[in-house]
Amino acid sequence: MTEGRPPLVFLERRSYRQRRVRDAARLLPVLGLFAWGVPLLWPRGEAAPGTASALVYVFAVWLGLVVAGALLSFLLSRGDVDDAREGGGDAP
Amino acid sequence: MTTLNALVAVCLSYVFFLFVVAFVAERRAAAGRIRWLRSPIVYTLSLSIYCTAWTFYGAVGSAVRNGLEYVAIYVGPSLVMLGWFWVVRKLVRIGRSQRVTSIADLVSARYGKSNTLAVFVTILAVAGVTPYIALQLQSVTLSFEVFGADLAGGRFDRPHTATALWVAVGLALFTVIFGTRNLDANERHHGVVMAIAVEAVVKLVALLSVGVFVVWGLSGGVTETLARIDASELGTWNVAGGRWAGITFLSAAAFLCLPRIFQVLVVEAADESHLRTASWAFPAYLMLMSLFVVPIAVVGLDLLPAGSNPDLFVLTVPLSQGQEGLAVLSFLGGFSSATSMVIVAAIALSTMVSNHIVMPIWLRLTGGGASVSGDVRHIVLTARRLSIAGVVMLGYLYYAFSGGGAALATIGLVAFAGMAQVLPAMLGGIFWRGATRTGALAGLSVGFALWLYTLFLPSLGPGVLPVAMLDEGPLGLAFLRPQALFGIDGLDPLLHAIFWSMSLNAGAFFVGSVLSFPTPLERLQGAQFVNVFQHSPGPRSWAGRVAQTEDLMVMAQRILGATEAMALFRREARAQGARGDLPEPTPQFLERLERELAGSVGAATAHAMIGQIVGGMSVSVEDLMAVADESAQLMEYSARLEAQSTELSRTARQLRDANLKLTRLSVQKDAFLSQISHELRTPMTSIRAFSEILRDSGRLDAGERMRFASIIHDEAVRLTRLLDDLLDLSVLENGKVSLDIRAARLSEVIDRAVAAADAGAEDGALTIRRDRSDEDVTIVTDLDRLAQVFINLVSNARKYCEASAPALTIRVLTESDRVLVDFIDNGEGIGPEARDTIFEKFSRVAEQKAGGAGLGLAICRQIMARLGGDISYLPGQGGAAFRVEIAEASAMAAQ
C-alpha cells in the first residue's frame, strides 16, 4: 500500500487483482488440457518416445498444475477477506 | 505367518475400526462439534471414492496391457477439479440452494421437478452402478483368494461367491447403519464421510508403500527404475491418440455424473470454500495414486511368472518377496477402495431409488394420505434401508451370475460411459436457459439406448447379443451393427460407443430443447440454475450455532410476539437442559418452531423462513408458490375481517346515536317532570294560602271572601286546564288519539275557532282580518282538532300581541297539494333566539302574561303531526306569524 493513496483506489486495485486471479483459475484447466494433449502429437511405433520420458512428462505437467492450482487457491482465499462483508466468508 | 483366518481377523478389526470412526464422527456431529469434520482435507479425501478397487488393483493391470493409458482415467477428474471455477463451483452452489439430494434430483429439479426424468436417471444409474459394485466384490474376493492360494501353495480356479456374499452383507449393514441414521434435510452423513476419508488415507498409504518398496527396495532408486521401465516390454509410448483423448473425456464426464461422486462432491459439500482446497489437493491425491503404477507393473512383469494376473500385482509382488506385512497393508488398501465405493454408491443410489421410485409409488398406493410428517420420515427411512440392501444385493447377484472374470474387468469404463449420458442434460441445464425437459428426455433416451446397444450389451459377452448380430447387424442390416454404426468400421468399441452416444445424445437434447416449449416452473427453475450466482447468497460458512438461534429468535419474536417467543425458547432450552435462554437448533426444536410459526404465517412460509436461516439455502420456486397461495388465503381472510369490522363500527355508530337520543330524551323527561311539578305547585300554593285565610280569619267581609274564593276558583280552573292539556299532550304523543275525520268548509272551522277564542276573552280588542273567498275550500280532516289548533293560535295572538290596536290577519293559500293557513298578528313577533323553542313544552315567550302552562303550541304541533300536516313559525311577516299546513290528501279529497 502506497502512502497517501486513498483507500478506495487500494480496494479497487485489490478487487481488480482478484478478478484477474479468477481468470487465471478459469484458464488453468485449459492449460492442463493443452499440456496433456501433447501426447496426442507423439508418434507411435518405431519413433515413439520411451515410456520413462513420457511418464516424467505427464507427471511433471501434473505437478506443475497442482502447484499452480494451490497458488491460485491461496490467492483466491485472500480475496475472500473482501467478500467477508457480504456474508461472512471463511477467514483464510 | 499370515493365515487366512488371521487375514479375516485383520479385515474384521479394520471394519470395526471404521465403525468406531463413523460412530465417533456421528456423535461429534450430533454434539455440534463439526468444525474438524467439515475441514477441507476431509472433503478432499472423501472425493477419493473415485479411486475404487478397480483403479487400485486394475490400474497396474491396465498399465501392463495398454501402457500409460491408465493415466487418462485420472487426468480427466484432475482437469475437472482444476477447472472448478467453471462447473463444480456452480454445481455445488446449485446443490446447496436447491437442496439437491442426488444427481437424479438435480436433473429433475432443473427441468421443472419432472419425476419422469428423475426415474430415467435413476434407472441409468442403477444399470451403470450395479456391475461396478459387482466389480468391487470381485476384487475383494480375488484378493482374498490370492492370500488363500499363496498359503495353500496352489491357485483357486474360481473365486468363491461365499466370500463375496459375506462382504456384500457386511457392507450393506454398515451402509444401513451409518447411511440412514437420520433424514438430514441436507442429506449429509458425517460418519460415512469420515470413514471414507480414513479409507482414502489407508489406500493412499498402501499404494505408496508398495510403490516405495518397489522403486527403492527392489529396483534400487528412481534412475534405475526409469531405466528398467524403458527396458521392459512397456518401453515405448503406445497409447492410441483416440483412446487417450476419449478416456480423458469419459473420465471427466463420469467424475461429474457418477452418483457416488456427486454424493460427496455436491451433496455432502459442507462449504463452498472447501472446493478451493480440493481443486489442487484432489489432483495431487490422484497423482500420488497413479505415480507408482508403472514401476509396479514393470517389476511385476519381471519378477512374477508369465501368466500371472497383472490385476493383482499390487498384492502378489510384495507376497512374492515375502513382505507379508506390506501385502496385508496393500490388501487393506484394496479392501478400503472397494468398501468405500460400495458404501457411498449404495447411499447415493438408495437416495435416488427411494426418493424417485419407491416413495412416489408408495404415495400413490396410499392415496397420498400421509399427512403426518413423522409417518413419512419413517417410511422414507425404511425405503432407503431396503434400497441399500437391494442395490448391494443386486451387485452381488450380478457378480454371482456373471461369474466374474474378464467380462467384469471392462465394466468400469462401460459404467462410466453409461453415466456420462447424463452430462448433456446436466451441463445444458446449468449453462443454457433454453434447455427443456423434452430435450433432456430426448437426449437421455437416445444416449441410453445407444449405450445399451453399442457398449453395454456387447460387453456382457456373446451370450446376450447373438454373435451374428454383432457381425452382421440386426436382421442383416450391416449399417446397424452395434460396434460399427453407420458403416464406420474398425473403431475401438469404447470410442465408437462414446462418439455416437454422446454426439447423438447432445444433438437430440439440443433439437428437443429448441423445438419444445418449457412450462413456467421449468423456466423459473432454469433461470435459478443458470443464474445461481445472482440468486443465491455468497459462500457462507456455518456461523456458529448460537448465532443461528439468535436469528431464529429475532424472527420468532416478529411473528409470535416477544413474550411468547421468549417463553417458547426458554421452555425449549430448559427441555434440552441448556443453560441460558437459547436452545440448540436441534431438528426437534426446529420442527416445533416451524409448527408454531406455521400457525401464524402458514406452513410453507414457516418452512421457507426457517430454511433461510438454518440452511442458508435460497427458497425454491415451489416454496414461493406455496407461500403465494398462503398469503392469498390470508389476504382473503383479512378482507373478510375488514368487511366485518366495518359493519361492526357502523353498528356501533348507530348504537351510539341511539344512546345519545335516549340520553337526550331522558334529560327532557327530567326537565319535563320538574317543569310539571313547578307548574302544578304555583296554583296549588295560592289555593292553599287563600283557603287558609278563608278558614282562619272570621272577620272577612263579603267582598273579600268573594275575591278570595274567585282566586281559588281561577287557580283551580287553571290547574284543571293544565291537567287537561297534559293529558291531551300525552294522548297525542303516545299516538293513541282516535281521529274523527269529516269533511267541512275551511271557513266554517275558522269561524268556530274565532268565536270560541272570543268567548273566553275579557276584551274584544283584537281585530280579525279575513278574506272569505280564499277560505272557500273543502277539507277532510279531524275538524275538532284542527279547530283546537286555530283557537290556540287566535287566543295566543289575543294574549301576547303588544300592539296598541292588535290585529290578526288570517290568510289562506290554496296550493295544488296542500292548504296553507297563516295567522299573522301586528305585534313584535318572536325573536330569532326563541323561535327554536316555542314548540317545546312549557316554553313561554313572555313571562308577564303567563296565562297558560306553555303547552299550547306543543299540543298544536302534535295535533298537526297526527293530521299529516305541519305547523311552523313564519318569519319576516312584521309580527308573530304561524303557518298551518293541511296535508294534500285532506284538501284534494274535498274538491
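Quick reminder: no glycine exception, Cβ is built from N, Cα and C everywhere.
Taken straight from TrEMBL:
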| type | residues | note |
| --- | --- | --- |
| TRANSMEM | B:6-25 | transmembrane segment |
| TRANSMEM | B:37-59 | transmembrane segment |
| TRANSMEM | B:71-88 | transmembrane segment |
| TRANSMEM | B:117-135 | transmembrane segment |
| TRANSMEM | B:163-180 | transmembrane segment |
| TRANSMEM | B:192-216 | transmembrane segment |
| TRANSMEM | B:244-270 | transmembrane segment |
| TRANSMEM | B:282-306 | transmembrane segment |
| TRANSMEM | B:326-349 | transmembrane segment |
| TRANSMEM | B:383-401 | transmembrane segment |
| TRANSMEM | B:407-432 | transmembrane segment |
| TRANSMEM | B:439-460 | transmembrane segment |
| DOMAIN | B:675-890 | domain 'Histidine kinase' |
Self-check item: Among B:163-180, B:244-270, B:282-306, B:407-432, stretch most in contact with the transmembrane segment (B:326-349) (C-beta, under 8 angstroms)
Solution: B:163-180
Self-check item: Positions whose Cβ lies under 8 angstroms from the transmembrane segment (B:117-135), at least six residues beyond its ends
Solution: 52-54, 103-105, 107-108, 111, 258-260, 341-342, 345-346, 348-349, 352-353, 355-357, 391-392, 394-396, 398-399, 402, 408-409, 411-412, 414-416, 418-419, 421-422, 425, 437, 440-441, 444-445, 448, 456
Quiz item: So which of B:6-25, B:71-88, B:163-180, B:192-216, B:439-460 is most in touch with the transmembrane segment (B:407-432), counting Cβ pairs under 8 Å?
Solution: B:439-460
Quiz item: Which range out of B:6-25, B:37-59, B:71-88 gives the transmembrane segment (B:244-270) the most CB pairs under 8 Å?
Solution: B:71-88
Exercise. Over the domain 'Histidine kinase' (B:675-890), work out the mean pLDDT and round it to an integer.
Key: 81
Quiz item: Residues of the same chain, at least six outside the transmembrane segment (B:6-25), with any C-beta under 8 angstroms of its C-beta?
Solution: 37, 144, 147, 170, 174, 177-178, 190-195, 198-199, 328, 331-332, 335, 339
